[in-house]
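Visitor: Before anything else, here's the structure in question.
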Amino acid sequence: MTKIETDHHDGTSDATPGGYEGQRRPGELVFGALLTLASLVLLWDAWGIENTFGPNGLSSPRAIPLATTLVMVIAAAVILLKDMRLPRVTGETVMKDILPTTVIIVAVLLVAFGVLLKPLGFLPTSALFLIATIKLLGDRGWGWTIGVALACLVLIWIVFRIVFTVLMPAGIVPEAELIQVVRNLFEGAK
Amino acid sequence: MKRFVFGAVSALVLGVSAAAAADYPAKEIQGIIQWGAGGSTDTVMRSVTPHAEAVLGGTVVMQNMTGGVGAIALNHVAGQDADGYTLLMGAENPLLYKVMGLGDKDYSDFIPISILARGTPILVANPDAPFNDYAGMMAYIKEHPGELRVGATGPGGLPSVVTAMINTVEGKMNVISVPYDGDGPALTALQGGAIDVMPAVLGAAIEGIRAGKMKPLAIFDVAANPKLPDVPPVTDFNAAYSTYLPWGPFFGVFVKKGTPDDVVAKLAAAYAKGAENAEFKELMDNRGFNMLAISGAEAEAFLAKWQQGTTWLLQDAGLTKTSPEAFGIARP
Amino acid sequence: MDAVLAFLTVFTHPELLLLVGLGTFAGVYVGAIPGLSVTMAVSILISFTFSWDVHPAIALMIGIYMGGVYGGSRTAILLNIPGAPSAIATALDGYPMAKRGEAGTAIGVTTVMSFIGGFIGIGVLAVAAPFVSDFALKFQPRDYMLLAVLGILLVGSLSTGSLVKGIFAGALGIAIGAVGRDPLTFSERFTFDLPLMQGGISFIAVMIGMFGVSEALMQLHHVNKDAVRQQISRIVPSLSTVKKHLPLSVQTSAIGVLIGALPGTGGDIAALMAYDHAKRVTKNPERPFGDGAMEGLVAPETANNAAVGGAFIPMMTLGIPGDAVTAIMIGALFIHGLNPGPMLMIDQPDMFWFIVGALVMANFFMLLFGLTGIKLFTKIVEMPRSVLIPLIMLLSIVGAYAVNNSLTDVYWMLGFGFFGYFMRHYGYPLGPVILGVILSRLLDDNWRRAIISEREDLGRFFHGVFTSPLSTVLFIAVILIFVSQTPIWAKAKAKLLGGSGQGVEQ
């Protein structure tokens with residue numbers, strides 16, 4: 001059997017992705033099945049693509065999508081069949097090695113970030129997110145956590161909002177008005 | 001610090017209690033550019049807006065929002081508040097969205113701040129093409145049906161409208177239409193010989209013509225253009241074109257319908273003044289655009305006429321998904 | 001003589017020198033932060049430099065461009081998160097080195113090699129721009145299509161684990177690239193009739209999700225582990241190291257210049273192709289590829305910096321952008337009253353030489369800033385993971401939003417982040433997904449253009465392929481590379497060489 005580099009099997013480096021050769025990890029079968037199913041749905045959808053304004057031959061907008069989704073279905077099916085014959089890795093469980101509680105919590109926080117970003121606005125959402133995750137991961141005092149979180153947020157905000165004028169959703173904080181006030185102050189000082 | 005806090009708080013109070021036009025703009029204005037960075041819409045907007053900003057006494061933050069032939073940007077602006085803090089900087093395409101089935105909104109949901117300029121189409125060919133003018137091209141197509149490769153930029157783009165015009169006036173041409181994602185890549189392909197003929201906007205082709213990398217066949221206008229006085233207008237070859245000409249793509253700045261009148265007036269005045277800037281005028285002239293800088297009822301009339309003419313032309317050429325009639329666009 | 005004077009403009013004007021330096025310095029950071037891109041920075045500079053003269057404006061932009069292309073490698077090496085698409089290949093071997101505490105060496109080699117690549121690119125621009133642009137124009141749609149197929153075959157060398165999983169990932173990438181309204185016919189593809197799908201999926205959002213968020217989620221498994229201490233005593237690589245890799249770097253720079261000069265392909269594809277080339281020609285790397293091979297750093301970094309000079313070739317000679325950044329620079333030239341196009345070289349040759357001069361200067365500054373200030377960067381990696389991980393996540397979100405100012409991209413980014421997390425766990429390589437997305441449009445659009453031009457006739461299509469020398473060469477390359485990845489090749493080789501060929505193919 002091939003030697004497994006324990007340093008790499010968690011997939012931290014893309015060049016040597018996780019997974020074991022000759023064994024399957026917990027949940028791998030379900031993942032493979034989902035991919036096969038999704039590929040089939042995409043293949044079906046690709047078949048339905050039509051060119052409204054022209055012919056549907058070799059030059060159709062469906063040609064390449066049809067070919068690629070077909071490859072996806074075949075590849076996913078081959079992977080699934082191969083996996084089914086492999087023995088399971090002993091000593092690994094989904095809860096311990098694939099989806100530990102921390103990962104689930106952070107994932108939920110990320111989803112919450114996405115949901116709240118528009119109604120609440122960028123600054124409050126990011127502040128909440130940073131404080132929650134840094135506290136969760138760092139296990140340090142509240143003062144330290146909040147201080148570090150806000151300092152980082154201010155830095156990011158200055159780079160993106162002021163220097164690069166990326167207008168993130170303002171939400172409940174009247175960012176634009178505040179910036180205008182500061183701008184007026186500066187111009188007044190000149 | 002105290003003063004800053006006080007200022008911020010008072011601004012907040014003001015912002016909430018009186019969002020009146022008297023102090024417009026009280027914050028930075030967002031300008032959503034329908035097309036990507038480096039394109040003609042982008043270049044035009046980024047060169048006129050600083051002059052308008054100076055008049056307005058505010059800041060306009062310009063952002064490119066691409067995708068869906070510009071529909072993503074249009075729908076985004078339509079979804080914002082009608083307070084004059086989000087501008088749509090776009091081109092002619094939205095007027096065709098409805099008939100092409102690309103969306104259910106167009107400029108009728110917006111108020112034109114300024115229609116800045118209009119371009120002129122020109123037919124250019126690879127220098128090795130076996131003809132030298134429009135008449136020669138038509139003769140070549142008759143002798144070699146299904147051989148000539150004409151560049152296109154997707155349904156509703158300038159080439160498709162010009163092609164529809166030719167088909168309507170001269171009868172259907174038997175050519176191969178090769179699609180590109182913009183006139184830049186198509187003109188590159190023309191110089192490389194991947195296509196033979198390309199209908200393009202004058203400004204995009206003018207430098208290539210000057211260098212002899214492509215040859216002009218005819219200008220799609222009723223008179224020769226001062227930038228290229230030797231190139232004959234297409235009406236010289238067939239007078240029937242004058243029904244549809246002058247025609248051309250345009251650039252404009254818009255706000256959502258429902259924006260307070262005084263805000264619209266302020267913006268319109270700023271852009272009208274900005275468009276008068278000498279440097280901007282020179283830039284537009286160099287690129288072969290005709291300055292319009294119209295707003296208000298004049299701009300509305302321009303848009304309505306443009307939409308009627310173009311949608312019905314495409315409809316008659318069989319290039320639309322839904323008839324303009326279904327959207328109450330009357331035949332011109 | 002005028003040309004020499006124009007070339008020296010940058011060197012003789014302190015304020016221009018300062019601007020190039022400033023730009024390069026800022027560029028390194030812009031490139032390193034996954035959410036900030038050179039394209040963004042340059043388009044903001046258009047408004048910022050609006051009232052300036054053309055020379056300082058262009059000087060600043062060129063600095064940012066050069067620094068930004070290089071900066072992408074920093075985070076790729078230190079965090080396994082490529083700061084820009086052109087640094088994806090750099091992460092493959094750079095990160096394993098950093099894990100061993102050799103980040104200093106990796107960054108040193110990367111910097112010197114980027115410098116060499118940059119110089120070769122600028123050299124070709126200065127000496128042979130008209131020839132290269134004539135050659136680039138010869139590429140017909142079918143040649144671009146063959147080039148895309150050649151690119152897709154890289155899946156083989158990017159998936160060290162299971163090849164089938166790599167193929168799946170590559171195909172998935174091509175499908176992701178097709179989502180949205182097809183730009184040629186406006187047909188809806190994979191949109192499931194949802195308006196938010198019409199704009200397609202931003203490729204940067206996919207990249208940030210798969211490499212940024214999924215990497216950060218992965219790191220959650222080792223929150224409490226101490227960061228690897230980096231040795232940064234020896235940064236400048238020894239002359240013998242540079243000498244050893246010089247032949248390879250010249251080859252990969254050539255790939256970079258050509259791919260960069262082709263309108264429609266840029267540094268990202270060039271870097272991946274160069275990586276593949278290095279893997280093919282390097283017989284005995286000191287460490288295997290994917291485990292910290294020096295050649296795996298040399299190839300992509302020379303190629304993507306050489307592509308900068310390459311991208312300027314069609315821009316300066318024809319007024320055709322070589323990539324997204326040069327497209328914006330053309331706009332900048334317009335705004336400053338110049339008329340970029342084929343006549344620019346004839347009407348205003350001094351502009352050409354000014355740009356060459358500024359590029360040379362930016363390249364030197366890149367070397368300077370690359371070899372200094374590494375300490376600060378390594379400090380970032382050594383900061384507590386409990387802060388680093390949330391920060392990476394926040395940067396990913398802001399970065400995905402900034403691409404097109406759309407929340408939809410943020411959702412896609414998060415989705416692909418979660419998906420990528422599972423892919424990593426189950427041994428699916430992520431590189432091919434990005435490769436697929438990059439090549440999707442190139443393959444799809446050009447295949448359709450090619451076949452439409454031949455009136456949908458496959459016979460005429462192949463006739464075209466074999467009557468054009470360029471297409472024939474590309475076609476043969478595709479066949480050869482394809483066959484070399486199949487087991488038949490390994491068997492034939494083993495037979496011919498009597499067993500000595502064993503172990504070359506994996």
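Glycine too: its Cβ is placed from the backbone N, Cα and C atoms.
These came from TrEMBL, pasted as-is:
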- A:1-22: region 'Disordered' (REGION)
- A:1-12: compositional bias 'Basic and acidic residues' (COMPBIAS)
- A:29-47: transmembrane segment (TRANSMEM)
- A:30-169: domain 'DUF1468' (DOMAIN)
- A:63-81: transmembrane segment (TRANSMEM)
- A:102-122: transmembrane segment (TRANSMEM)
- A:142-164: transmembrane segment (TRANSMEM)
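How buried are the listed features, and what sits near them?
Guide: Long-range contacts of the transmembrane segment (A:29-47) within the same chain, counting only residues at least 6 positions beyond its ends with a Cβ under 8 Å from a Cβ of the stretch, are 62, 65-66, 68-70, 72-73, 75-77, 79-80, 83-84.
Same-chain residues lying 6 or more positions outside the transmembrane segment (A:102-122) and placing a CB less than 8 Å from one of its CB atoms are 128-129, 132-133, 136-137, 157, 168-173, 175.
Only residues 6 or more beyond the boundaries of the transmembrane segment (A:142-164), in the same chain, are considered here, and those with a CB under 8 A from a CB of the stretch are 122-123, 126-127, 130-131, 134-135, 175, 179.
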Visitor: Take the domain 'DUF1468' (A:30-169) and count its residues per DSSP category (helix H/G/I, strand E/B, coil), listing them in that order.
Guide: 105 helix, 1 strand, 34 coil
Visitor: Summarise the model confidence on the domain 'DUF1468' (A:30-169) as a single mean pLDDT, whole number.
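Guide: Looking only at the domain 'DUF1468' (A:30-169), pLDDT averages out to 89.
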